[in-house]
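**Student:** Following this message is one structure expressed as structure tokens.
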Amino acid sequence: MKFRFKQFVYFCGIVGIGLACQQRQANQQEKEEKSPSDYPQVEQESFGTIEGKEVTLFTLQNSQGMKVKITNYGGIISQLWVPDKEGQLEDVVLGFDHLEDYLKGSPYFGAIVGRYGNRIAKGQFELDGELYSLATNDGSNHLHGGKKGFDKVLWDAEYLVDEKNVKLLLSYHSIDGEEGYPGNLSVKVVYTLTDENALKIEYYATTDKKTIVNLTNHSYFNLKGAGKGDILEHQLTIYASKFSPVNQELIPTGELQPVEGTAFDFRKAVAVGARIQKEDTQLKFGRGYDHNFVLNRTGEQLFEAATVVEPVSGRKMQVFTSEPGVQFYSGNFLDGSLTGKDQRVYEHRYGFCLETQHFPDTPNQPGFPSVILEPGQTYQSTTVYKFSLANENKK
Ligand code: GLA
């Protein structure tokens, strides 16, 4: 009996120690876990080196759990974690895990694009009677800033955190003649993650010589999650009554064509894939959608350019901009040859872009809104990607 009692005491002792240890672990975890008041926050880590210079990966996080990773190489948004209707976070932008993969060749995944987003025919334009020749990198045309555009340079970076927002400030000095553009251009791009699950991008530039500027961001979104299927069932609305038809080289003809009665009418929500296979010269030239939409904006304020809803996850993204146009690109050049984050293969149309911008080839199109920047002026452009749930307002 005595023996049994001893055993019992011994057993209780062991259990007691075990429980105490568990409690200590739980306390420890509690201490390590952050509370909402610890956010917004920013963390930084090394993302490798380029030409002997350190590349940094910044993580911006808000109190809602939304998180964005941005590197100062190309200002690339490499991850963007957004909740679905169950509160599950998913990374909704295409990209790579390692800097080397971006250096090997990326179709502008997540990058800042400049000095001129989109195409300039033959890489040529005239300014005050002077002919400028830019680098050509898309057949005989200039695309997205040339051979070494803003997507391939290292930006200076600093960050700022206030009570509600966390900001990453990137700056780059583009010298006179870089990729053929006139003028020394000082560029600043500010990424802000707000507590309302919005990612705001503000672009600023000044020059010492008359030049042209058209900056944008080239994120490929998939609201299911990067690499988790194609984007054809995403419901898209673009608030545009006209679009820019293009020639075979994707250079605008100069005409602004009504979307009415065409596969380009996204004025009411429709699945991206609903009409993408239609017999249509414009869809043929673009290999799908790769066109500038002329936004129905009035006034200078931010305008809702597009809304996208992914029906299964319930994720919704609204795009607001100060720009006159948005290039809707349905990921037509993705062909399964790139393996992205988490070893996921990016097949045809696994991502879409909504590149807010001035119209393509504006320097050669007198009818399009101007992209000229003069000394003494400041180029300014803002785009907001706001995330929520599809039925949030109906609740
Ligand atoms: C832009 C262009 C497309 C293509 C992609 C990158 O969206 O309009 O034609 O070049 O960039 O692959």
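Cβ atoms are placed via backbone N, Cα and C, with glycine included.
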**Student:** Which one, Asp38, Asp280, Asp290, is listed by TrEMBL in the same beta-D-galactose site as Asn118, Arg119, His218, Ser219, Tyr220?
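**Tutor:** Only hit among Asp38, Asp280, Asp290 in TrEMBL's beta-D-galactose site, alongside Asn118, Arg119, His218, Ser219, Tyr220: Asp290.
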**Student:** Which binding-site residues from the list Arg119, Ser219, Tyr220, Asp290 come close to ligand 1, meaning a Cβ under 6 Å from one of its atoms?
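**Tutor:** Those binding-site residues that pass the cut-off, since their Cβ is under 6 Å from ligand 1, are Asp290.
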**Student:** Compute the C-alpha separation of Tyr220 (beta-D-galactose binding site) from Glu355 (active site, proton acceptor), stating it in Å without decimals.
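**Tutor:** Distance between the two Cα atoms comes out at 9 Å.
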**Student:** Over all shown protein chains, what is the count of other CB atoms within 10 A of the CB belonging to Glu355 (active site, proton acceptor)?
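**Tutor:** Excluding its own Cβ, the number within 10 Å is 24.
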**Student:** Are there residues of the same chain, six or more positions away from Ser219 (beta-D-galactose binding site), whose CB falls under 8 angstroms from its CB, and which are they?
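**Tutor:** Ser219 (beta-D-galactose binding site) has long-range Cβ partners Ile77, Leu80, Val93, Leu94, Phe109, Gly110, Cys353, Tyr385.
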**Student:** Looking only at C-alpha atoms, tell me how far Asp290 (beta-D-galactose binding site) is from Glu355 (active site, proton acceptor), rounded to the nearest Å.
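**Tutor:** That separation, Cα to Cα, works out to 10 Å.
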